[in-house]
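Asks: For reference, the structure I am asking about is given below.
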Amino acid sequence: MERAVKENHKPSNVKIFHPMTEGAKRIPVNQPQSTQFRPPGTAVSAQRILGPSNVPQRVLAQAQKPILSSQKPTTQIPLRPATQGHQSSKPQGPNENRNPQQTSHSSTPNVEKKGSTDQGKTSAVPKEEGKKKQWCLEDFEIGRPLGKGKFGNVYLARERESKFILALKVLFKSQLEKAGVEHQLRREVEIQSHLRHPNILRLYGYFHDASRVYLILDYAPGGELFRELQKCTRFDDQRSAMYIKQLAEALLYCHSKKVIHRDIKPENLLLGSNGELKIADFGWSVHAPSSRRTTLCGTLDYLPPEMIEGRMHDETVDLWSLGVLCYEFLVGKPPFETDTHQETYRRISKVEFQYPPYVSEEARDLVSKLLKHNPNHRLPLKGVLEHPWIIKNSQLKKKDEPLPGAQ
């Protein structure tokens, strides 16, 4: 693989902060879906799957080794109908801010046009951002692997023209089809590419060739928050509150856009160059303008009672996950984690958990207000941001002092 990369891409003097190495993962609770590709926006019927055979566990992910080539996109489109193009926003130019971590929803990269645009057709970015660009692998210099997953790998990359540093996620079509998760990929692209927030990883666009799909992503040099939590065992109140505050602000933005994440967990959170938290995985997210859903998804330890019981759910599932995450930050493990799936389900349904003695009363108050069996009784996100424990512990340090986790 390395030889193929070297032959097709010139080496570059890219300063690399720290690799996003492979670590233990939780397996998401999957839903059986048809392997037939559907156009974006096509409704997918909700299904409830509940059983020990597909519940998540922390395991070592399998390494995949794609052989990258400079093959241009073909007309076999994995995510969209054949009449639509693969267009996306262009990373910033050399005279602009090249640090991906400083991108926010109020400051978007420049874009340029290559060829004609598809009038009246959707693309990977909002139309208001201006002109679009069609990408191919030859537009990038590929660096070292940043991470490995079930369906492909993530590489450090640099856009040749602008010298913009980014992450290139390479997914194999055959594996996506075999697992029946094409709908998740389409959903991730459609949702994440339209979100602009400093605590949400930017998805600039995508392209594909005969066998692979490529996602152009922000580069988060801090790596997975899960790895950082493993290294530290648990976080103190200040660091935990800072992350919960950032995540609450990002979720508040998502909910304002009618987006429910449904799979908040440390493995889906990355750390930017300044140590800021970034939501990175929207594979289980849904855009539900006015509907409630019954689909079982996400990670077992983070599932709320209404989802494991097969009841209707809405954006309040993210409030439950926020409470579970806050507990795991402070304790080092999820509150309902047990040796068996059945016992974990039972404890979630009963909201049965205990606090270690070192967890402060203010932190317990916040977690307890989020982990309510009745979704309507959970503390809303604005209440989270106004909670005394958050206000007391999430104050930013001096401007010249990096946040925890900054590389």
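Glycine is treated like the rest: Cβ placed from N, Cα and C.
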Asks: Pick from 175-188, 287-300, 329-342: which range has region 'Activation segment' per Swiss-Prot?
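Replies: It is 287-300 that Swiss-Prot describes as region 'Activation segment'.
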Asks: Find the average pLDDT over the region 'Activation segment' (287-300) in the predicted model and report it.
Replies: 46
Asks: Where does Y219 (ATP binding site) sit in the DSSP three-state scheme?
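Replies: Y219 (ATP binding site) sits in coil per DSSP, no helix or strand.
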Asks: For ATP, with binders K150, K169, L217, D218, Y219, A220, D281, what's the maximum Cα separation in whole Å?
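Replies: Roughly 20 Å, rounded to the nearest whole number.
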Asks: If you draw a 10 Å sphere around the Cβ of A220 (ATP binding site), how many other Cβ atoms fall inside it, taking every protein chain shown into account?
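Replies: Other Cβ atoms found within 10 Å: 26.
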